[in-house]
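> The structure's right below; bear with me while I get my questions together.
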Amino acid sequence: MKLVLLLPWACCCLCGSALATGFLYPFPAAALQQHGYPEQGAGSPGNGYSSRRHWCHHTVTRTVSCQVQNGSETVVQRVYQSCRWPGPCANLVSYRTLIRPTYRVSYRTVTALEWRCCPGFTGSNCEEECMNCTRLSDMSERLTTLEAKVLLLEAAEQPSGPDNDLPPPQSTPPTWNEDFLPDAIPIAHPGPRRRRPTGPAGPPGQMGPPGPAGPPGSKGEQGQTGEKGPVGPPGLLGPPGPRGLPGEMGRPGPPGPPGPAGSPGLLPNTPQGVLYSLQTPTDKENGDSQLNPAVVDTVLTGIPGPRGPPGPPGPPGPHGPPGPPGAPGSQGLVDERVVARPSGEPSVKEEEDKASAAEGEGVQQLREALKILAERVLILEHMIGVHDPLASPEGGSGQDAALRANLKMKRGGPRPDGILAALLGPDPAQKSADQAGDRK
């Protein structure tokens, strides 16, 4: 009875233990990785502790692409619907509008940590150590040891006086090919060898091609100054140089002695110079200034000078008498301006007369001012002696003193101002009067 009860319980236990191995429990992959170090396949350090300590974290900045939503678009989608009932029927086609977002490619900067070799180590597993002070000292010790061994080997191979140049007989044949490598030294069991004596020097070889030009050497020091040589013979006379610039004007010399008295000359019949003076406006009724000539009698010595240039043209002559009346002309056209003008308004002729009268007043004032200015200029010219070359004797000759002693100022009658009238032109009042007479 107990056996019957225990048998089903034992079967359940055995079946449960057998089926338990078939279940799979998912574990996260991060739980299986070693925390603190990356995987081996992704360039991470190995499992050994010596390789792990050569890996370090490095901050890396990367630019990665990503999709960013950029608006939306409307799409028309076709939808097919099958028959919902049994039997022959046509498929139904419908359309619907969808609004879906659009994306564009953008770039952003990502900062991440990567496992890389620590400073001073290289290689795929960061096992190779870069050159540093420790390795340099180790290499120096190894080099010193090798140099000491080379010195010991050179001291051990002292040449002994051989009886002949042949090598000693060997009990065992060498393991290398003597003909192929005559000067090779075996690594194991080298055996004693004797150095052969040095042979005679061979003939000199042919001269090789010239080598490339070397770089220029540094500039040498400046040599000592040589002794001064003898003076050479004088050279040939050179060509004359160009003419120099004119020098500055010298100071005027002292006045010379007075010359001898000349023979008395003939008195001239005509006056030698005329000086003009202005009268007061009270002498005339209209207030115009009047020129009064002052005749100066001079007594000069010497021959007369050359003939002067011709003078300016004279003033225009007086207005001639009016001619005989002409034949009556044909009847002229009617002036539209006169016909169309209403009564009481001034005609064009009257307006022109008024404008010319106003203009004549300004011109008359200007003529008066120019007349006075011309009189003053003429007086100054006669005082200086511009129009009379004999009236300005050379200074220092003694004639200027005689001229000043013999000058006599005389006032005469009025002289017509024909020259001034020629310079100033016709009077605008007279001109307007002449024009009115011509029109009549």
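Glycine residues also receive a Cβ, built from the backbone N, Cα and C atoms like all the rest.
Per Swiss-Prot, the features are:
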COMPBIAS  347-356  compositional bias 'Basic and acidic residues'
DISULFID  C56-C118  disulfide bond
DISULFID  C83-C89  disulfide bond
DISULFID  C117-C126  disulfide bond
DOMAIN    52-128  domain 'EMI'
DOMAIN    199-267  domain 'Collagen-like 1'
CARBOHYD  N70  N-linked glycosylation site
CARBOHYD  N132  N-linked glycosylation site
REGION    157-362  region 'Disordered'
REGION    390-440  region 'Disordered'
SIGNAL    1-20  signal peptide
> Highest Cβ count within 10 Å among the disulfide-bonded residues C83, C89, C117, C126: which residue is it?
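Output for this query is C126.
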> For N70 (N-linked glycosylation site), which residues of its chain lie six or more apart in sequence with Cβ-Cβ distance below 8 Å?
T102, Y103, R104
> Relative to the Cα of C56 (disulfide bond), which of the recorded positions C83, C117, N132 have a Cα no more than 10 Å away?
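Near C56 (disulfide bond) by Cα: C117.
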> C118 (disulfide bond) has how many other Cβ neighbours within 10 Å of its own Cβ?
12
> Of the recorded positions C83, C126, N132, which one sits closest to C118 (disulfide bond) when you measure Cα to Cα?
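Comparing Cα positions, the closest of these recorded positions turns out to be C126.
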> May I ask for the distance between C83 (disulfide bond) and C117 (disulfide bond), taken between their Cα atoms and rounded to an integer number of Å?
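The separation of the Cα atoms works out to 68 Å.
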> Per DSSP, what is the residue count of the domain 'Collagen-like 1' (199-267) in each of helix, strand and coil?
0 helix, 0 strand, 69 coil
> Give, as a single whole number between 0 and 100, the mean pLDDT over the domain 'EMI' (52-128).
87
> How many of the residues that make up the domain 'EMI' (52-128) does DSSP mark as helix, as strand and as coil?
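Going through the domain 'EMI' (52-128) residue by residue, I get 1 helix, 56 strand, 20 coil.
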> Could you list the residues of the same chain, at least six apart in sequence, whose Cβ is under 8 A from the Cβ of N132 (N-linked glycosylation site)?
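Residues satisfying the criterion: G120.
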> How far is it from C89 (disulfide bond) to C126 (disulfide bond), counting Cα to Cα, in Å?
75
> Mind giving me a neighbour count for C56 (disulfide bond)? Other Cβ atoms within 10 Å of its Cβ, every protein chain shown.
13
